[in-house]
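A.B. asks: OK, Swiss-Prot features for this one:
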type     : residues : note
TRANSMEM : 16-36    : transmembrane segment
TRANSMEM : 37-57    : transmembrane segment
TRANSMEM : 68-88    : transmembrane segment
TRANSMEM : 97-117   : transmembrane segment
TRANSMEM : 142-162  : transmembrane segment
TRANSMEM : 249-269  : transmembrane segment
TRANSMEM : 276-296  : transmembrane segment
TRANSMEM : 310-330  : transmembrane segment
Amino acid sequence: MNLITLENFLDNSSFLILLLTMLIYWAGAAFPGMSILPTLGTAGVAIANLSIATLLGSRWLEGGYFPLSNLYESLFFLAWGVTAVHLIAEKMSRSTLVGVVTTPVAMGITAFAALSLPADMQTSAPLVPALKSNWLMMHVSVMMLSYATLMVGAVLAIAFLIVTRGQDVELRGSSVGTGSYRNKLGRIQLSQAEKTPDGSVVAMADGNGSVGTAVLDRVDPQTLVTDLPNLSPQRLNLADTLDNISYRIIGLGFPLLTIGIIAGAVWANEAWGSYWSWDPKETWALITWLVFAAYLHARITRGWQGRKPAILAASGFIVVWVCYLGVNLLGKGLHSYGWFF
């Protein structure tokens with residue numbers, strides 16, 4: 001089996017594995033009693049990650065350079081990054097909902113690369129002179145890892161909004177599963193909690209397979225309301241987990257994005273004599289940086305938690321895709337891949 005045949009097998013296999021894994025995670029969410037499904041899902045993501053890594057390694061051997069020279073290779077590197085960050089996020093959160101929302105992203109990326117791109121864009125070709133630099137690996141790989149990390153963090157924020165049904169629930173805990181839960185007006189729902197003799201409220205929840213206790217602030221009985229959309233203790237526990245993990249993952253992706261932009265500026269100065277030329281890709285990279293900088297600023301200095309930062313992070317998901325793919329497919333600028341829908 002030659003390298004080209006191996007690559008064709010691996011790209012289609014990666015797509016099929018991720019498709020099956022996505023269905024397994026969805027089935028696990030629909031039937032939580034089937035404890036084998038989360039294990040199968042995690043194994044599927046790990047196998048897909050290994051398959052994509054083997055594909056990229058094969059491309060490296062075939063072309064003799066780090067496989068990030070065209071859209072096909074960068075898409076699979078992005079999918080590899082998403083699956084790698086997924087495994088980290090799932091281990092941190094111990095929640096199968098991570099796979100429910102991340103596997104569709106990884107599967108969609110591999111489907112686009114393997115099934116939609118023209119054949120001539122999937123073949124390995126010699127590097128153009130401008131890309132024959134050690135900065136190719138430093139700049140592009142770090143940027144792609146930052147995109148993957150920020151996408152996972154953003155999609156977890158979207159999952160938070162879905163779990164909370166868009167309610168302005170304030171999560172005031174710094175550790176996973178131990179926060180206090182309040183809506184915007186500082187009220188909680190009677191159906192969510194059990195009042196203790198001292199006036200505090202205890203909510204028992206089994207959000208991720210184990211029973212935990214969240215102790216809420218002491219409240220006046222007059223503030224207990226039942227007219228708000230019902231959110232169970234399980235949903236609140238899960239929302240707290242998603243909010244916390246999304247914050248941590250974005251906190252990891254933002255420094256990677258910063259390093260990638262700086263490395264790109266240094267490379268641009270070496271290649272073209274200018275650190276910044278307001279190329280469309282550079283402009284959108286700056287916009288992406290500003291969006292997630294605003295998110296982290298709101299979380300760290302303003303103390304935002306819950307719906308408002310989640311909306312900001314969710315908008316960042318779209319911005320990352322525009323920066324990575326939308327600008328490239330316009331066929332303009334130094335970062336264009338020259339292919340149109």
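Cβ coordinates come from backbone N, Cα and C, glycine included.
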A.B. asks: Are the transmembrane segment (310-330) and the transmembrane segment (142-162) close, by which I mean at least 3 Cβ pairs under 8 Å that are 6+ residues apart in sequence?
C.D. replies: yes
A.B. asks: Please indicate, using numbers and ranges, the residues of the same chain that are 6 or more beyond the transmembrane segment (97-117) and have a C-beta under 8 Å from a C-beta there.
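C.D. replies: That would be 11-12, 14-15, 18-19, 21-22, 25-26, 28-29, 38, 41-42, 45, 48, 52, 71-72, 75-76, 78-79, 82-83, 85-86, 89-90, 151-152, 155-156, 158-159, 163, 238, 242, 245, 339.
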